[in-house]
Amino acid sequence: MDYIAVRRALHKIPEVGFEEVETQAFLLEQIKKMPQEHLQIKKWRTGLFVKVSGTAPSKTVGFRTDIDALPVQEKTGYSFASKHDGKMHACGHDFHMTVALGVLEKVASHPIKDNVVFIFQPAEEGPGGAIPMMESSEFKEWKPDFVYALHVSPEFPAGTVATKEGILFANTSELFIDFTGKGGHAAYPHLTYDTIVAACSFVTGIQSIVARRVSPLNSAVLTIGKMSGGTKQNIIAEHARVEGTIRTLDQKTMALIKEDIERHVQATEIAYHCTATIDYGANYYQVYNKREYVDPFIDFCKAQAYPYVICGDAMTGEDFGYFLKDIPGFMFWLGVGNTSGLHSADFKPDESALAQGVRVVSGYLMKGL
Ligand SMILES: CC(=O)N[C@@H](CCC[C@H](N)C(=O)O)C(=O)O
């Protein structure tokens with residue numbers, strides 16, 4: 001398989017959560033080119049489960065990749081840029097899928113002793129594909145005894161493995177708040193209850209939560225990534241919406257932040273004569289690597305002389321955390337060199353990391369977990 005060609009083909013067809021129809025068709029087309037004798041495929045919504053039967057199985061090992069993209073307008077200047085306007089593989093899931101296909105090709109050609117299930121999961125960026133996928137009868141039938149996954153990272157040199165014992169990725173909660181007031185003429189503000197002013201005041205006010213409510217020895221993020229409201233420059237907005245995300249390294253801090261957000265919402269309602277509703281959207285459980293499962297992988301990387309580092313915690317989220325809550329396994333970062341950050345319009349990961357990703361994941365599989 002030409003990893004770079006496959007990655008570029010996937011890069012052209014980014015689709016957001018649960019809309020990955022073209023992606024699913026492309027994956028199936030690639031899988032069809034592989035030896036079929038040991039393969040079974042089950043479609044699940046826009047995702048896939050692919051099982052390679054082992055030669056003398058005593059267990060099932062899972063490798064999970066996410067397959068969705070982000071609503072980002074690409075600015076890479078690539079000749080193979082997204083052909084879907086306003087959508088982009090800005091979080092590297094095109095890389096993750098390519099690595100999974102590369103490993104699948106190897107295992108389909110040379111099955112290992114145990115069964116291997118490849119999990120092509122939709123909607124990691126939201127609303128969250130892991131939980132419904134894990135609740136499916138297809139998953140339950142082929143449930144792995146051990147599962148692992150990777151995520152690309154621009155923080156590490158291309159091909160470097162970075163992982164750690166304990167928390168790797170944070171707990172997350174989405175945040176959507178709708179403010180409703182009273183619209184009217186821009187020249188008669190005193191006859192209205194302006195939700196743009198209310199929302200702006202709310203966003204400024206909540207900046208004190210992480211700064212003044214969370215212990216300085218703890219870590220948390222409260223980011224508002226989107227604000228919207230109003231219909232025209234000279235009409236006072238009856239409705240405004242604030243969208244964000246909360247990140248913490250423990251559930252107690254998550255609860256504390258939510259409680260304080262609710263206090264700020266109440267205060268905004270009173271101060272600005274509006275009403276507000278809060279929706280916490282999708283919540284992701286932390287990605288936690290238990291020592292007994294990640295240490296043998298680190299030893300493997302050492303033994304193979306693969307470049308690796310022990311990294312710190314990250315405030316990114318990943319619904320792979322739900323797999324690790326239920327099933328033994330681990331997650332690691334795969335370095336993709338020095339490029340703009342994840343979720344950037346000019347995210348340009350180094351493609352030389354693809355072959356190393358396949359080498360690391362398949363090598364660990366072949367070694368026998
Ligand atoms: C690796 C990565 O970037 N993951 C996403 C996960 C999204 C979680 C959820 N939709 C939220 O925004 O809270 C991330 O943003 O960290």
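Along the chain as shown, residues are numbered 1 onward.
Backbone N, Cα and C define each Cβ position, glycine as well.
Binding of Mn(2+) is attributed by TrEMBL to Cys91, His93, His151, His343, and within the candidate set Glu74, Glu125, Glu174, Glu292 the record adds Glu125 to that site. With the fewest other Cβ atoms inside 10 Å of its Cβ, the least crowded of the binding-site residues His93, His151, His343 in this structure is His343. Cβ proximity to the Mn(2+) site centre (mean Cβ of Cys91, His93, Glu125, His151, His343, cutoff 8 Å) flags the following additional same-chain residues: Asp66, Asp68, Ala69, Leu70, His89, Ala90, Gly92, Glu124, Leu342. Taking a Cβ distance under 6 Å to any atom of ligand 1 as the criterion, the binding-site residues Cys91, His93, Glu125 reduce to Cys91, Glu125. Taken residue by residue with DSSP, His93 (Mn(2+) binding site) is part of a helix.
Sequence-distant neighbours of Cys91 (Mn(2+) binding site): residues of the same chain at least 6 apart with a C-beta under 8 Å from its C-beta are Ala69, Leu70, Glu124, Glu125, Val152, Leu342, His343, Phe347.
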